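Before I ask anything, let me first share the structure, which is written out below as structure tokens.
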Amino acid sequence: MENASESTIKGTGVVAGVAYAEAVWVRPRPALPTEGSIDPEQASDSEYDRFLAAVDTVAGRLEQRAAAAEGQAAEVLTATAGMVKDRGWHKAVRKNIRTGRNAEFATVGATDKFVTMFEAAGGVMAERTTDLKDVRDRVIAELRGEDEPGLPLVDGEAVLFADDLAPADTATLDTKHIKALVTELGGPTSHTAIIARQLDIPCIVAVGAALSDIESGTLVFVDGAVGAVTLGADEEASTKAVAEYRERAARVAQWRGPAETKDGHRVQLLANVADGNAARIASDSQAEGIGLYRTELSFLSASEEPSVDEQAKIYGKVFKAFPESKVVVRTLDAGSDKPISYATLSSEENPALGVRGLRIARDNEALLTRQLDAIAQAAEARDDKASTWVMAPMVATSTEAQWFAGLCRERGLTAGAMIEVPAAALMADKIMPHLDFVSIGTNDLTQYTMAADRLSPQLAYLTDPWQPAVLRLIQHTCIVGQANNVAVGVCGEAAADPMLACVLTGLGVNSLSAASTAVAGVGAQLAEVTLEQCQQLSEVALDAESPDAARTAVVERMESFA
Ligand code: PEP
Ligand code: MG
């Protein structure tokens, strides 16, 4: 698809898939004025008219978008238009203009007043302050003659470009029109990446400043599998690639588990969940069970440790969604970016390298044993066919693995450990004999292998699960797993990437656990390759010099199978 006028910029691909459409930028929020005056004797009526004209334009645009949208998106847009037309807000702006403020500054003051009121009321009212600020920003931009901030109006198809996306920007994102997301900042675990995975649209993050040189209206070809944005791409080849991708997406929608390769090699596909609600949603997907239940996420705002009975109730809700299946419960992974007030130390110089995960229980074993008691209690009520596996996060040594496994077995629980510290992968032969299974956490394994903070957008090029160094640690873990007859799963973001899932299968991973929305894509991809082809893919990935080279080599080898 090389073309003389073609140029490509690279970022980190987080959701595979291609799109060919015009770029549209999400405009940044306007800087708010801190002053601005008029002579109230002379100009207050005309200034207020200027405000009302801006209000009419903004409300009209939102209503136009509402008419073109459906369902919840239409409701959100209609409600936002209603807020723009709110008479109480207009009155407050008018009052401010009469004291000598210009329309922009008067709008800021009037909005602040309502925001304070809503925040004091709390609950649902407080949640509306984001919408109110959004309305303020749209009106201020209109008053200044600037582009409307937030999501632009899109009639046909478009690729959305942004510095980064906020949750509010994505609430009404309509995949009928938006065919891919590309951001300057962000990383594989940023909000943009999570939303893109949920919507299942191609996504590239961390492209860097070069992205801002591409203007709205430029035709771009986006390839999420390799993280490339191409300008001047060949039209015929791009359109063909998009048609093939859509055909594939349709096949994914049709895919039904359980997963196996073309030649019948079984791979268990499981879901990652945070609570009972996510588990219920996962039970509607093709996931066979739960491969990672992140228990700590239920306790992030708890000030006191819930009792054993209370915890058992919470865990029971997750078990209920998969009454007869395998559920892997991870014990508290508190600390680092997930502080829990009753469990973690309040200040550490380097929390990601500090007392997190299983390490917390060294000085507080009762915290762990109460959680294991609660898991055992909830598991007791499960069907006989169901299996409940328990694993510890951040295991680094065989002593830790042995100690944890002992506590689990005293309670009749199947014991495992996450392999997310490079030492655990390297010492797998000493760790595994104590365990029934291991699950590789590629998010942290990548962070610690590459010595790169997984939350840093600047280091997204390092925190890429395609890093051959990480794949080599996974390969070693799988070899030791086979020798010890210990099941090896992967439950980090790597398992959500269909291409990488084939590589992991080739390395010998037995189960893959990912966001439930990713399961069908992974299953459909595995169905198209044989185990021997997966092994070929893993060889080329292991041999690559960089994550980009690994991805490209795997995509090329995959194409050669067709
Ligand atoms: C991981 O580190 O890959 C993992 C699955 O755990 P978490 O993302 O919760 O740290
Ligand atoms: Mg982890």
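Count begins at 1; order follows the chain as displayed.
Every residue gets a Cβ built from N, Cα and C, even glycine.
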The phosphoenolpyruvate site in TrEMBL lists R330, N443, D444, R454. Which one of R280, R294, R370, R409 belongs there according to the record?
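Within the candidate list, TrEMBL flags R294.
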Near ligand 2, which of the recorded positions show up if the criterion is a Cβ under 6 Å from one of its atoms? Options: R294, R454, C491.
none
So which recorded positions out of R330, E420, D444, C491 are up against ligand 1, CB under 6 A?
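List returned for ligand 1: E420, D444, C491.
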Under 8 Å Cβ-Cβ from C491 (active site, proton donor), six or more apart in the same chain: what's there?
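Correct list: L270, N272, G291, L292, V328, M418, S439, I440, G441, L512, S513, A514.
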Rounded to a whole number, how many Å is the Cα of E420 (Mg(2+) binding site) away from the Cα of R454 (phosphoenolpyruvate binding site)?
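Distance (Cα to Cα, whole Å): 13 Å.
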Which numbers of helix, strand and coil residues does DSSP report for the domain 'Phosphotransferase system enzyme I N-terminal' (10-128)?
79 helix, 16 strand, 24 coil
Helix, strand or coil for R330 (phosphoenolpyruvate binding site)? Use DSSP.
strand
